[in-house]
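Asks: Just passing along the structure, written as structure tokens.
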Amino acid sequence: MSGPVNAAGEMTQDNPDAREVVLAARNVAKSYGQVHALKGVNFDIHRGQVTTLFGENGAGKSTLMKILSGVIQPTGGEIILDGQPVSFSNSTEARDRGISIIHQELSLAPNLSVRDNIFMGREIMGSTGVDFAEEERQTRKLMEELEENIDPLTPVEELRLGQQQIVEIARALSVDSRILIMDEPTSALSASEVEVLFKVIRDLTAQGVSIVYISHHLEEALTITDHAVVLRDGNMTAYAPRAEIDLEWIVRNMVGENYDLGSPPDTDMGQPALSVRNLTLPDPAGGFNLVDGLSLDVRAGEIVCIYGLMGAGRTELLETCAGRLRASSGEIVLEGKEISHLSIAERIARGLALVPEDRQRDGLVQTMSVGQNLSLASIASFTKGLFTQRRAEQSLIDASIREVTVKTSGPTAAIGSLSGGNQQKVVIGKMLATKPRVIMLDEPSRGIDIGAKAEVFRLLSEEARQGLAVIYSTSEVSECLSIAHRIIVMHKGRISAEFDSNVSKEKIMAASGESVAA
Amino acid sequence: MSAATTTASAADKKKADFSIGRLLLEGRAFFALIAIIVVFSILSPNYLTISNLLIMSSHVAIYGILAIGMLLVILNGGIDLSVGSILALAGVSAGAMMQGLQIDAAGVILYPPVWAVVILTCVLGALVGAVNGVLVSIFKVPAFVATLGVMYVARGVALLMTNGLTYNNLSGRPELGNTGFDWLGFNRIAGVPISVIVLAVLAILGGLMLSRSAFGRWLYASGGNERAAELSGVPTRRVKITVYTLSGMLSAIAGLVLASQLTSAGPTAGVTYELTAIAAVVIGGAALTGGRGTMRGTMLGAFVIGFLSDGLVIIGVSSYWQTVFTGAVIVLAVLLNSLQYGGGRKR
Ligand SMILES: Nc1ncnc2c1ncn2[C@@H]1O[C@H](COP(=O)(O)OP(=O)(O)OP(=O)(O)O)[C@@H](O)[C@H]1O
Ligand SMILES: [Mg+2]
């Protein structure tokens, strides 16, 4: 991370609007066959400032960013860099001109170490081949800067999702680019890590680096941005400098009306649907227990939110309940029956479903269509005798698409053609289609827009009224204080606090071991 | 705004001629087969006759049956190098049973009837396949290595059983009640060789299984993303063991058909047939990374290979050139596969 890229000169006045535009899109369009992802968009990036791009799932944000960074080519319009029209035929060309991107979906090689991922394709050459020592030193420095305790030699596949995201960020930072595009860089990070990232962003802008930032965490984005741009259905619908905008402005321009994440529904809480007793999951690497003698009861019709920092053991707890990981001791009881010995499939059949955290790795089958992904977990329900029933499957798929409002050209579309948020909705829809009695959602709002988030939460409260027990984990405090009847804070594999829905944000954060100052 | 509409219509036009390319690409095995038939019919008057087509089809049957099993394994993201050896082992075992099973303890020699020989041989193939499956799914041995090992072991056992020799007499004797082994390879129903009928039945059953049954869906899902499939309740281990078992059983069936066609069973039969089977699957458009491929494509792939090599024989091209042509077709097929799956998806 050495220095600024010529921040010298021409900043004659301090009015942010008047600052120089370094990269601009003029009338940029992108079509995939009949799908018009972008319909002639103008977009400016200002030197040394943060421009935030807001928009619903599928609005075209990632598409625009991929065009600006050379990953894909526009079907119309032009890109202007420092006043000159340019065209990039791939991302390496854009990188050479100082533009780099952090992708929404992670693009790391899981078998390689953190160091090798960061320098992939740009290895530092010494006199006898690659200078690994220098690469390692720089990796350590980046990790220090990001205040993250990750060893440069760890294989990426051993890292948690959030840590992988940190590596992705570090890789983009290591390039010393003058324009840095971040497509939902914080979707798997917790508040304190976001704070560190923002500090880094402020340093960068002070050095003259321009940032484009995309996030569905609107409040968070507001604290860092200098300009806001709203995309809607492939068109730019609003632009304003920071001084003129607030949360209400963004929401109004993004989805038209004000969305509210809801409040705990009035439900008749019944018997405990899922009970966990003294559950312990040892760390395979031999450290502290990932889940440490944890006990928890969730009743039918109850909505429980699990809050915690990255590494608190939330994912491990949920995956143990689902059957992916085997506990070393303890009981898992579903509606009065012990289920620890059952397979994942048997647990799903008895009504326990998990929506996993990492949709690319654990949620989606990339070779299958949108429809086949949606019906994957409920094949038994439309199989009669030896064969699957086409019509029954079709109606299940149609119902799911409507229920979780997936924006797609049709059930036969490739899953990869969906925007990130819509892929997330497919994973949620797939598990809801199994008609569970207990549903566990690990960071369900990762990558979905506020409208969709409200929609998913509304759906969950609706189901809870019918007796579904809901457990969801989140790293965003505001999501805890929505539909959850009960908030559980996890810290180092244990429950460190338990609150009802009237608690304050500060108390939740304090219990998680997070600095409240954030 | 006009700029936007023009780009849109340009894109539409591009899509129109693109879709012709797409059709050619997706139906490539079919068009290749048509091209082969046309070219050889021009070169030789004997090529396009019913009798020749049926003879060639009965040759295709061997590769085709192996390719069905191979398709299942490849859809699962694996590979099965042992099919050629299992084919030989099955043939030799059937041959041995036809000569009589000596039971020393009782001092008698048993002559099982042909139907029992067929069933026992299929069970043997399934067992060897299951060994592959267990190695790959439970002991996590990479499929390439596990099936490579089994390929050597099975071939070795076949050689040991016969001391390297070949059973030439498979016809059985009427007084022992074990005649009829040549039925599989020689008889015809309504003029169609039994082997071709066996292939057709297996292909239809396999195709139905892939496209209509829950198991087929499990197979595509676990080949596409095993972790996601598992979390969606797919019994991924069971799927894996089943596909290798089926592949082993199909190899045994192919071994029986081949032994019956040749009226002899030798331990060196089927060397490199695994590669032909893989080639058929790949020409049929399946992705070696798993999760993509169809039964129809694989059958077309098997016919492309079979009709091409028989055609070259008929017009008198040397067998060295046959090898060169087959290789070229395989490379071309893989090239087109990467166009379809790699280029199309790249964003
Ligand atoms: N390869 C593709 N083929 C077809 N359609 C595509 C492809 N890639 C994107 N699209 C479509 O383009 C539109 C915009 O997608 P994009 O990924 O840019 O959305 P986004 O604003 O980033 O959404 P999100 O917030 O969910 O990430 C979507 O409707 C999507 O379905
Ligand atoms: Mg996106």
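Cβ coordinates are placed from backbone N, Cα and C, and glycine is handled just like the others.
According to TrEMBL, the record shows the following:
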type	residues	note
TRANSMEM	B:29-48	transmembrane segment
TRANSMEM	B:54-74	transmembrane segment
TRANSMEM	B:81-101	transmembrane segment
TRANSMEM	B:113-136	transmembrane segment
TRANSMEM	B:143-165	transmembrane segment
TRANSMEM	B:185-210	transmembrane segment
TRANSMEM	B:241-259	transmembrane segment
TRANSMEM	B:271-288	transmembrane segment
TRANSMEM	B:300-318	transmembrane segment
TRANSMEM	B:324-342	transmembrane segment
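Each of the listed features needs to be described in terms of its position in the shown structure.
Replies: Outside the transmembrane segment (B:29-48), and at least 6 residues removed from its termini, the chain residues within Cβ reach (under 8 Å) are 283-285, 297, 300-301, 303-304, 307-308, 311, 314-315, 329, 333.
Nonlocal intrachain contacts for the transmembrane segment (B:113-136), taken as residues 6+ away from its ends with a CB within less than 8 angstroms of a stretch CB, comprise 69, 78, 80, 82, 86, 89-90, 93-94, 97-98, 142-143, 146-147, 149-150, 154, 172, 177-181, 183, 240-253, 255-256.
Packing against the transmembrane segment (B:143-165) from elsewhere in the chain are residues 73, 77-82, 84-86, 88-89, 91-93, 95-96, 128, 131-132, 135-136, 244, 266-268, 274: each is 6 or more residues past its ends and has a CB under 8 Å from a CB in it.
For the transmembrane segment (B:241-259), the residues of the chain that approach it from at least six positions outside its boundaries are 61-62, 65-66, 68-70, 72-73, 75-76, 78, 80, 82-84, 86-91, 94-95, 118, 121-122, 124-130, 132-134, 136-137, 147, 170, 181, 184-185, 195, 198, 202, 215, 219, 265, 269-270, 273, judged by C-beta separation under 8 angstroms.
Beyond its flanks by at least six residues, the transmembrane segment (B:324-342) meets 25-26, 28-29, 32, 279, 282-283, 285-287, 292, 301, 304-305, 308-309, 312, 317 of its own chain at Cβ-Cβ distances under 8 Å.
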Asks: Who are the long-range neighbours of the transmembrane segment (B:185-210) in its own chain, taking Cβ under 8 Å and residues 6 or more past its ends?
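Replies: Non-local partners: 50, 54-55, 57-58, 60-62, 64-65, 68, 71-72, 75, 216, 219-220, 250, 253, 257-263, 294-296, 299.
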